Amino acid sequence: MDLTLLWVLLPLVTVAWGQYGDYGYSYHQYHDYSDDGWVNLNRQGFSYQCPHGQVVVAVRSIFNKKEGSDRQWNYACMPTPQSLGEPTECWWEEINRAGMEWYQTCSNNGLVAGFQSRYFESVLDREWQFYCCRYSKRCPYSCWLTTEYPGHYGEEMDMISYNYDYYMRGATTTFSAVERDRQWKFIMCRMTDYDCEFANV
């Protein structure tokens, strides 16, 4: 690579990823983007879990109308900051049915640490489950919804959380019966740095 180009790009990369510095860990990037890098093939089920003590911080997907109007998926995880502690329990949430819109957050104030999905040829759509982890008795606050991903049905999707102190707690999706595709809005929340008494927020 030309050294001039490297010196131009290096400060940009440093600024973009420097926001993760408070974690005290390096950012665990996506798997390889090649065909072998996706967690699933089209029309195939999958189960993806972050390593213990990490949560999902990025979601990438491409749509293929010829392959059952399905998507291939890729995720990136990052360790939670030491102030949050270790996860005290993890579980799979209830299934969100294929062919329907849905809204779900992790119960018990959990954070999203994985996804599980199965494809249904009959509706050209997937059912979804979140893998959630709870961190002691920490509670979410200052929650908000991201913009829609993808921006339009059928487009590539690339969501990265650049706010290091916000965590994914769930999502809401629309479903187009015409396009056989979904748009996602992810639910992002901050977490208290102390234990609280709320069972679920």
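Glycine is no exception: its Cβ is also placed from the backbone N, Cα and C atoms.
All chains included, 22 other C-beta atoms sit within 10 angstroms of the C-beta of C77 (disulfide bond). What Swiss-Prot lists as disulfide bond is C50-C77 (among others), and the listing cites experimental evidence.
Counting every protein chain shown, the Cβ of C132 (disulfide bond) has 26 other Cβ atoms within 10 Å. Under DSSP, C132 (disulfide bond) is assigned to a strand (E or B) in the three-state scheme. Annotation comment: Swiss-Prot describes C90-C132 (among others) as disulfide bond, evidence class experimental evidence.
Within 10 Å of the C-beta of C133 (disulfide bond) we count 24 further C-beta atoms, all protein chains included. Here Swiss-Prot flags C106-C133 (among others) as disulfide bond.
Annotated disulfide bond per Swiss-Prot: C139-C196 (among others), in sequence order, evidence recorded as experimental evidence. Look at C196 (disulfide bond): DSSP puts it in coil. Proximity of C196 (disulfide bond) to non-local residues of its own chain (separation of 6 or more, Cβ distance below 8 Å) is seen for K137, R138, C139, given in sequence order.
Annotation source Swiss-Prot lists disulfide bond at C143-C189 (among others), citing a curator's inference. Around the Cβ of C143 (disulfide bond), 15 further Cβ atoms fall within 10 Å across all displayed protein chains.
Marked as pyrrolidone carboxylic acid by Swiss-Prot on the basis of experimental evidence: Q19.
The sulfotyrosine annotation in Swiss-Prot covers Y23 (among others) and rests on sequence analysis.
Residues or ranges marked as sulfotyrosine by Swiss-Prot: Y162 (among others). Within 10 Å of the C-beta atom of Y162 (sulfotyrosine) sit 11 other C-beta atoms, taking all shown protein chains into account.
Feature annotation from Swiss-Prot assigns sulfotyrosine to Y164 (among others). Look at Y164 (sulfotyrosine): DSSP puts it in coil.
Residues or ranges marked as sulfotyrosine by Swiss-Prot: Y166 (among others). Sequence-distant contacts of Y166 (sulfotyrosine), defined as residues of its own chain at least six apart whose C-beta falls under 8 angstroms from its C-beta, comprise S142, M188, C189, R190.
According to Swiss-Prot, the feature sulfotyrosine maps to Y167 (among others), an assignment based on sequence analysis.
Every protein chain shown contributes to the tally, and the Cβ of Y194 (sulfotyrosine) ends up with 10 other Cβ atoms within 10 Å. Positions annotated as sulfotyrosine by Swiss-Prot: Y194 (among others).
The annotation region '2 X 53-55 AA tandem repeats' is assigned in Swiss-Prot to 26-135.
What Swiss-Prot records for 70-186 is region '3 X 6 AA tandem repeats of D-R-[EQ]-W-[NQK]-[FY]'.
Counting same-chain residues at least six beyond the ends of the repeat '2-1' (70-75), those with a Cβ under 8 angstroms from any Cβ of the stretch are 30-31, 33, 37-43, 46, 48, 50, 56, 58-64, 114-115, 117, 119, 124, 126, 157, 181. Look at Swiss-Prot and you will find 70-75 tagged as repeat '2-1'.
Residues annotated as repeat '1-2' in Swiss-Prot: 80-135.
With a 10 A radius on its CB, C50 (disulfide bond) counts 24 other CB atoms from all the protein chains. Within 10 Å of Y162 (sulfotyrosine), judged by CA to CA distance, lies none of the recorded positions C90, C106, C133, C143, Y194. For the repeat '2-2' (125-130), the list of distant contacts is 69-71, 92-99, 102, 104, 106, 112, 114-119, 170-171, 175, 180, 182: same-chain residues at least six beyond its ends, Cβ to Cβ under 8 Å.
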